[in-house]
Ligand SMILES: Nc1ncnc2c1ncn2[C@@H]1O[C@H](COP(=O)(O)OP(=O)(O)OP(=O)(O)O)[C@@H](O)[C@H]1O
Ligand SMILES: [Mg+2]
């Protein structure tokens, strides 16, 4: 497994607040990397630096380097839209557009200039299949996405993200608004997808991290405390703070 | 007999009385809302019915398309009805794009500073300025500065100014009401700001924007003060006069004119019929502007 995302001495400030402190890590490709840590420790912030969604928050300042596939994504030549096409994101709350199921999935490809009906049909079908939703919705693609259940909506959002053919999929607590069955479905889905995509997920659920991820990063107050193979981190943590956290003693 | 009854009889239930009072208040309030609601609806329907019932039965095609007469009976409203629609269309063609653009700018691009806050207060203030002020403004521009006299162009542009602040406000509010999550979803898929505005923000807020457009269109159609001052109380006396520089009396102004100034013997009847037409067209405008919404809704349901 090669490294796909290479983060070096990253510091991020929201105004004067120092949210990420000297973060460095290598995220391997075609694997699932989980970010865990107590609320407010900067997991979402780090995730948003990877597709530059932080750019839209006024007063954010970044130091250090993030390279994706060897390219510094904060360099001048980088086109943010192209970057976001390659680095998809799934949010905590399912956020489908109030459009049809079809139009939701086709939204991204259309943004990037795909007009042909046949091509769009094909993309919509493969994306929905990849997101394990095709069977449930194939007969009513024209129905409003808002008529789906929460779990289905979240899988639709995953399909929508896959439709632009990204290399990386960022999932920010993508299952925290869902029931256990939907959560399980999405976890299985992540397992399937990791053969083709590099997945970075934030989760509050330690069992989830332990179940699905290959690597786990534990954060505390904007710093990386421990980063290792998931199995090792949960069975034999190096740092006392990690052990306290995973055994539920704080956080 | 049962112990149960005894207990509740001896120890007053601490929840019972409050609950009873709340229940009573709740019922009273519900009743009040219903009564007021029904009264209002009845009043509005009655008003509509009265206006339409007085005028509609007597309507003939010759009245709708005929020329107005100054002295004799039987004058029509053709040119004024035409002017009303013509002026409305021109004013909307000017004010909808400008108002929406300004609203989108304020919601999406404007920096968050004192100056923009001041601009917002001005827009809000302008939205509630009496229409006659816009009429005076129209006179100052078209009659005095450009010296083109009382014209359809002057009337339409002044009406557009009248509607601009409301449209700006409505659009800004509607765009702001779109959940940030939807914007983020579009950006995260690699959408540009423009694409996000065109494909997410406007479609999602279209319902509110169209409601706003209906309101201003109805107001513009019935507006008289601005038209009297900028387009005059006469028509060119011809049907289908598309010239922008003709005098542009509209139906609402004609209604006022026949009731207060004209010497035709059938003034009252003309006024009744004109009022019915006015109300009918305003209703029609509301229906027409909703068509895109229905089409939009049909696309997602099926
Ligand atoms: N837009 C913002 N402006 C200012 N400060 C922010 C902003 N977003 C986050 N922060 C701060 O940065 C820190 C990290 O936030 P972040 O959202 O990354 O935490 P998190 O680890 O994702 O927490 P959670 O598990 O609750 O989602 C927090 O202390 C938060 O208050
Ligand atoms: Mg978070």
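Including glycine, each Cβ sits where the backbone N, Cα and C put it.
Annotated transmembrane segment per TrEMBL: B:28-52 (among others), in sequence order.
What TrEMBL records for B:81-289 is domain 'ABC transmembrane type-1'.
Taken from TrEMBL, the feature transmembrane segment applies to B:85-106 (among others). Sequence-distant neighbours of the transmembrane segment (B:85-106) (same chain, 6+ residues past either end, Cβ-Cβ under 8 Å): 116, 119-120, 123, 152-153, 155-157, 159-161, 163-175, 197, 201-202, 209, 213, 216-217, 220-221, 227, 231, 242, 244, 248, 250, 281, 285.
For B:118-142 (among others), the entry in TrEMBL reads transmembrane segment.
Sequence-distant contacts of the transmembrane segment (B:148-167) (same chain, at least 6 residues past either end, Cβ-Cβ under 8 Å): 83, 86-88, 90-92, 94-96, 98-100, 102-103, 123-127, 129, 131, 134-135, 137-138, 141-142, 212-213, 215-216, 219-220, 223, 226-227, 229-232, 243-248, 250. Look at TrEMBL and you will find B:148-167 (among others) tagged as transmembrane segment.
Beyond its flanks by at least six residues, the transmembrane segment (B:200-221) meets 84, 87-88, 91-92, 95-96, 100, 104, 108, 159, 162-163, 166-167, 170-171, 173-175, 177-178, 182-183, 185-186, 191, 250-252, 278, 281-282, 285-286, 289-290, 292-293, 296 of its own chain at Cβ-Cβ distances under 8 Å. Annotated transmembrane segment per TrEMBL: B:200-221 (among others), in sequence order.
Counting residues 6+ beyond its ends, the transmembrane segment (B:274-295) has Cβ neighbours under 8 Å at 48, 51-52, 54-56, 59, 64, 77, 80-81, 84-85, 88, 206-207, 210, 213-214, 217-218, 221-222, 251-252, 254-255, 258 in the same chain. The annotation transmembrane segment is assigned in TrEMBL to B:274-295 (among others).
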Outside the transmembrane segment (B:28-52), six or more residues from its ends: residues with CB under 8 Å to it: 275-276, 279-280
